[in-house]
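Residues or ranges marked as domain 'Glycoside hydrolase family 9' in TrEMBL: 1-359. Annotation comment: TrEMBL describes 287-309 as region 'Disordered'. Marked as active site by TrEMBL: D338, E347.
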Amino acid sequence: MAISTTTLAWGILEFRDGYEAAGQYNWALDSIRWPLEYFIKAHVSDNEFYGQVGDGNIDHSYWGRPEEMTMERPAWSITPSNPGSDLAGETAAALAAGYLVFRDLDAAYASTLLDHSRTLYDFAYNNRGIYSDSIPNAGEFYPSNGYEDELAWGAAWLYRATGEQYYLDRAYEFGSTSDVAWAYDWDEKTVGYQLLLATFAGQTDFQPPVEDFLRNWFPGGSVQYTPLGLAWLIEWGANRYAANAAFIALVAAKYNILAAEAEQFARSQIHYMLGDAGRSYVVGFGNNPPQQPHHRSSSCPDQPAECDWDEFNQPGPNYQILYGALVGGPDQNDQFEDLRSDYIRNEVANDYNAGFQGAVAGLRAIQLRDGK
């Protein structure tokens, strides 16, 4: 949730004109205000933050509407004795990015966001640990590989928000000017902080690894391509990784980092997902879009009809159209079967859509720049 919010806010900041031209700016603001307010509620004291509600195994055993769930939903928090620097650092980044979005729209709310961001970052910095060690249930689904990148990432966003040298120093303390990220995703923020520091903070020593990251994703780089042109990293959420790389490329292009190649790469990837390769991977849009996304509530008929595993197993389209959701995507040979049961290729998720829609806004902004 936190990385999705940070990424959405970043796209709103960089490509506001694209959102406005599409008539989606206010909806974009609404889409980040919900989780930002949730983070504030979850931050119950300076050194305690609730990181998970619901047992992942119990929740996965349920198929139906969220408003009809009756199972136990325990909650876990991170504290000084059970730290989570990665979770707190990423949430601090989201709150700082949210501050930047809202500071000219709602100054009081923005100030609250920044206060929580500062406090959460201090908590993350002073109490080191990996969140999935402190919340083992989370580790069964989203295990973290470390917290250094989130401490650099959170500091980079706080530096952008405040201009305070302290946060730039922290970004250098935990960041790397040479590590080349394999992806930008919920666990890997390296290219994110590198790009943020190279562009907004003017720290040019962070630019070379950003360029290397992009070249790895461009045709001819280390990331393989499907026959029809998707940059295909791994099978689980292949579209998500390509969309996130496209988003990073468009932010880089805005600041004249490999601009022509980056724009072309991003356009090719987003257009693939929108249907240029023969089918759309966006629910409710384009040619032959997915009709059976692996998504509980959209598979349910209208109330008061029941919804359970019978709906999961029924062979037809989902009863509700989950407009705009990006599904996981094809295999390395562009093969895709529209099956609700295939959670590897037909799952949807917040972090699948965050970079994708930021990239779409970025491409619209380029059209506006070019007078189209």
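Placed from the backbone N, Cα and C atoms, the Cβ positions cover glycine too.
Taking Cβ-Cβ distances under 8 Å and a sequence separation of 6 or more, the neighbours of D338 (active site) in its chain are P290, Q291, Q292, N346. Residues of the region 'Disordered' (287-309) grouped by DSSP class, helix first, strand second and coil last, total 4 helix, 1 strand, 18 coil.
Around the Cβ of E347 (active site), the number of neighbouring Cβ atoms within 10 Å comes to 19.
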